[in-house]
Amino acid sequence: MAKAKFERNKPHVNVGTIGHVDHGKTTLTAAISHVLAKTYGGEAKDFSQIDNAPEERERGITINTSHIEYDTPTRHYAHVDCPGHADYVKNMITGAAQMDGAILVVASTDGPMPQTREHILLSRQVGVPFIIVFMNKCDMVDDAELLELVEMEVRELLSEYDFPGDDLPVIQGSALKALEGEPEWEAKIIELAAALDSYIPEPERDIDKPFLMPIEDVFSISGRGTVVTGRVERGIVRVGDEVEIVGIRATTKTTCTGVEMFRKLLDEGRAGENCGILLRGTKRDDVERGQVLSKPGSINPHTTFESEVYVLSKEEGGRHTPFFKGYRPQFYFRTTDVTGTIELPEGVEMVMPGDNIKMKVTLICPIAMDEGLRFAIREGGRTVGAGVVAKIFA
């Protein structure tokens, strides 16, 4: 088969491996890299390159992550793999590697284990939309009934956390045997790649989403009016569009009468661009940093939500001591700090540095938010935690 020429115009999808320690996540990552490079072209990464994950810092948190890329005939994938359980927790909560879908690796010799459950729960909390299961080490299980039982168990576990356990793809394979080049097991990797292609829908691009820009600064320009500046997070704003100012105070509507970038006037501002937006009839005091400019009706302000939080360890520059209920830190959303109070889950008295925990947060003023929004927890400007909005209450 002729190698397909690598082209950048294929849809780009972000995926990653999750699952219990030693169930074969990194071996599977290497197997996918090898088999797809051999079949469709591209560069193969071996186990040691992936396992030796470089250290990254995301919002001051140290995370070890390996990034590899591979291609199928129709798509280009970026794939993340983490060496340790703590790295997964941090990665998923900070959104350092946003996943459009995850490959849950379960060793068929063990079945679901504690971290299998924890990674599924985390995926649910942080909004990983799709999960595909790879049952690994199937070459070591002779009994077909046993494999069937493990598959049922995994499907039930996924259903428990509101994933469609009965309908999602489960591939039974052996990452190690595929990596060693045995054709029947290589075929299972191709099957997994086909499942990624068909089961995970093409992600919506930022530019196609409704317009939103966090406001970083506000200026008054004599004779022209008020300009707000920031980096457009998603969508497009055009001159003449009606926009809403959301968060901190009551929501107001206004019209974009101008877009400028580097002192040049433009017709529109697009996702990823830093621009200034001129607002009709808006006074300098009507807007402040921390609010967002958005397409009307696309986002609402909220104060109370459930979150999944990672608390920085002392080594990461976090707190040296635990915190208790009644803790009142600042929650940093996009461009601003807002004070909030926390409620810990029943039976939890204190939270130690290095823990991850589910907590209910009530802010003193509303912030424009959707489920999946990331935030930092700060004390006097120092980051002590990272979190994600899992569920909005009010």
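One-based numbering along the chain as shown.
Placement of Cβ uses the backbone N, Cα and C atoms for every residue, glycine included.
Just so it is clear, the model here is predicted, and its values are computed rather than measured.
Copied over from Swiss-Prot:
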type: BINDING; residues: 19-26, 81-85, 136-139; note: GTP binding site
type: BINDING; residues: THR26; note: Mg(2+) binding site
type: DOMAIN; residues: 10-204; note: domain 'tr-type G'
type: REGION; residues: 19-26; note: region 'G1'
type: REGION; residues: 60-64; note: region 'G2'
type: REGION; residues: 81-84; note: region 'G3'
type: REGION; residues: 136-139; note: region 'G4'
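Projection of Swiss-Prot feature records onto the structure.
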{"residue": "GLY19", "record": "GTP binding site", "DSSP (3 states)": "strand"}
{"residue": "LYS25", "record": "GTP binding site", "DSSP (3 states)": "helix"}
{"residue": "CYS82", "record": "GTP binding site", "DSSP (3 states)": "coil"}
{"residue": "CYS138", "record": "GTP binding site", "DSSP (3 states)": "helix"}
Surrounding residues of the region 'G4' (136-139) on its own chain - C-beta under 8 Å, 6+ positions past either end: 23-24, 27-28, 105-109, 147, 172-177, 185
Cβ-based isolation winner (fewest other Cβ atoms within 10 Å) among the binding-site residues LYS25, HIS85: HIS85
Length of the line joining the Cα atoms of THR26 (Mg(2+) binding site) and CYS138 (GTP binding site), in Å: 16
All-chain count of other Cβ atoms within 10 Å of THR26 (Mg(2+) binding site): 21
Other CB atoms, at most 10 A from the CB of GLY19 (GTP binding site): 26
